[in-house]
């Protein structure tokens, strides 16, 4: 167990270094680039050279990368050009907003898709299965920006029930919670569509097992068979997938954040990337990859807890 | 797209065993045909894809106007009319024409990207599963790093660094999807590499390439076909997302995601400008996903 954790941490560290290094090199291999972006297109070559020297950017890329990582370890990610604040401030701010939305979505997606997935997989090819399968397949097929547009057209333009933008400020005339409804709805429909299909497949497979047939034949009620025997087994395989949704919910919310002008992490990354705000892009990547790696380890541990046959 | 990496559902890893290349080709074509006729979902999906494919191929002849031609008169009343069946957009361009040409864009970029990912992923998966050892460890490790990267961030970095072009979109999608396909193929390879018929082929003195492509690869046919159709759907979404975020194909050429982005602010006044391309892109993805589901049901009984 301890060995496993150690190995995972080691793997995590390697991946983290690889990813941050790739991003760093892509952005900062040629030192002039950084200063050019800082000073703008009209700076003279002399100015660029001077600032490059002053900022220590003329040193080899490996040295600068090591320095960057050392600073990052202390929580110092440098200064953002776009937001004109320290990167760490902007980063935690935006990450907090995204985690709020992601948390709401996750809390709805998991029970919703487990319920529908199990109901559908319980009686394969029954009418519930058919309808749930079509529903989930259609939901997973509608891209978030399209779903956002559809929901906006219905609930904002036609009915006027909900706000069309979600800047998370209360001076817009809409309480904060109403601003979360539409973004969350888009994410839930899109993501649950996929999860339901995974859980259904797993449930169908479990329901075909001999031990289920035995339970039914010995006269157990169908309800008890499902709840007592099938449920836990059917949730083992989708468990990792469920956890993987956390990743998606951190970086993948960018589309929803753009549709609803939500001040989140993904939108910050997009704005920073378009404005070549390298410090933000690097720090954001570091955070996003760390989240991914952590959920992987948690996933493996949970897998083991759920399924005693697996030892790691 | 978006975004996450979505592998085909787990149950798909079970592949029926096929022995020879000829059988693979025959069963592949027949399997697809059988799925199309047996499952209503697959028929519907196939019909949607066929519809858009026809639109894409015949766009130059079907489109009533050139896709970038401005009609200043239409700006006064951009709603659907006898001149412009689906109305015009915020610049007075004919939406129907842009929709048809947009189909051409997405139905070129998505299949090329997925095919590239499938070829690279299949080769990596075969070699890594068959050879094992250092090669396997290296390929899987690099794949893990690729998958650990939140996709959308990777797109952002690459496209802001190297610019938005069809080629860059294809490359970035191929690179990010290849590890998923490599995993599927590797799992099948690990499963069959010690079977008797593979040993027999080695004994006959067949080359490694022959063993990989003719003896092993056909076993991965089923999961691969299903995954390729799923991947096509997700790639269509990804291309749409890139367009919507403003980092897709450069304007003014029509691109469904871009059309939505450009007219999105006018949703309150002229909803048709945004809703029509949104319906188009959704229907195409529905088509791909229905086809994938249908084939899976027909060939794997899940």
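Yeah, the Cβs are placed from backbone N, Cα and C, and that goes for glycine too.
Just so you know, TrEMBL annotations are computer predictions that nobody has curated.
Residue ranges B:85-105, B:106-126 are listed, and TrEMBL annotates B:106-126 among them as transmembrane segment. Within the listed segments B:18-40, B:41-63, TrEMBL records transmembrane segment for the stretch B:41-63.
Non-local neighbours of the transmembrane segment (B:106-126) in the same chain are 52-53, 56, 139, 143, 166, 169-171, 173-186, 188-189, 212-213, 216-217, 220, 224, 228, 231-232, 235-236, 239-240, 249, 255-256, 281, 284; each lies 6+ residues outside the stretch with a CB under 8 Å from one of its CB atoms. Only pairs six or more apart in sequence are counted, and the transmembrane segment (B:269-292) with the transmembrane segment (B:41-63) gives three or more Cβ pairs under 8 Å, enough to call it a contact. A Cβ distance under 8 Å defines the sequence-distant neighbours of the transmembrane segment (B:41-63), meaning residues of its chain 6+ beyond its ends; these are 35, 94, 96-97, 99-101, 103-104, 107-108, 280, 283-284, 286-295, 297-298.
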